[in-house]
Amino acid sequence: MIQPSIIVHSGAGYFPDERNASKLEVTRSAAVVGWETLLRQDNVLDAVEAAVRVMEDNVECNAGFGSVLNSAGDVEMDAMIIRGKDLSTGGVGGLCQISNPISVARRVLEKTKHCMLAGQGALEFAVREGFPIVSNESLVSPRAKIMLEGVLSKNIAPSTETGSCITKSSVEEKSLGTVGAVAINCRGEIAAATSTGGICAKMPGRIGDTPIPGGGTFCDDQNCGISATGLGESIMRVCLSSRIANFISNGMDPSTACLTALNSMTERVGGDGGAIVITKSGVLAHAHNSRKMTWASVSGDGELRSGVKAGEEFVTHVVVSK
Ligand code: ASP
């Protein structure tokens, strides 16, 4: 019998150590909210959506409020959600003026015959579906503004750093804050979701790997669910999550599959990142070849595991709220 479980991440890359605690806090809360939703509603889509929304609402993450800015100073967000049972897929690209892009992505999955809507068409769909429209300025955090100024003034390569201590080296380290979640229930149904503001100082109109099935997000009950994070232009080129899934279906253990695919991406096209996985038999795994990736998982009777650096793992227990 498979144990209902969830694993989440809030981005791979580099951020200063003083942010570890706050990143861990939001990531753990997202895992707990997702797990409680899973137990209450026994619906894997509900679970990953709920977990991702917690992180979209938190300024520590590069998704929803707190998204990094494009070169024009605007927020443009990508998100994707996939149900592994029937491969139903919903995504949005370049979405503005919406607080929780993952919920619009889910509506694309449920209400349209398409897999992804982008830009103005995505926004008009969200309006028709009754999502609240907010001003784009209300999604802009002070940290995201400082980050953009730092990147533009130093005229360095676009990055997804959202850190408060903006130094040249921290910008160059390209900290990432994309968020994602994968959940499985006792019947082996899996869902995966990813949401992002993309990379800082990207060209307006740029869409990354997040809403590309097999790129930043993958889910198939016959194999596994995956959410990936890292430099989108690299992830897309190597179809990262699809590669990880292929390694797993060929019998590789899921952490090794993630690391092998990430390292071969870095070698072939540059960039780095991380991924979280749940296999069809309920094995949870995560790996990154970036300096850090904040992750958290809840499984079994409420065992909460989390970490930031490779090899680091904190274990506590969730007190289930009534
Ligand atoms: N993969 C995202 C993108 O390139 C960034 C991230 O993972 O932080 O849009």
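Indices start at 1 and increase along the chain as displayed.
Placed from the backbone N, Cα and C atoms, the Cβ positions cover glycine too.
Here is what TrEMBL records for this protein:
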ACT_SITE  Thr178  active site, nucleophile
BINDING   Arg206, Ile207, Gly208, Asp209, Thr229, Gly230, Leu231, Gly232  substrate binding site
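Gly232 (substrate binding site) carries a helical DSSP state (H, G or I). Residues Thr178, Gly230, Gly232, taken from the recorded positions Thr178, Arg206, Gly230, Gly232, are distinguished by a CB atom under 6 angstroms from ligand 1. Between the CA atoms of Gly208 (substrate binding site) and Thr178 (active site, nucleophile) there is a gap of 11 Å, rounded to the nearest whole number. Across the fold, the C-alpha of Gly232 (substrate binding site) and the C-alpha of Thr178 (active site, nucleophile) stand 11 Å from each other. Within 10 Å of the residue listed as 'active site, nucleophile', counting CA to CA, the binding-site residues Arg206, Ile207, Asp209, Thr229, Gly230 contribute Thr229, Gly230. When the record's substrate-binding residues Arg206, Ile207, Gly208, Asp209, Thr229, Gly230, Leu231, Gly232 are compared pairwise by CA position, the greatest distance found is 16 Å.
In the three-state DSSP classification, Asp209 (substrate binding site) falls within coil.
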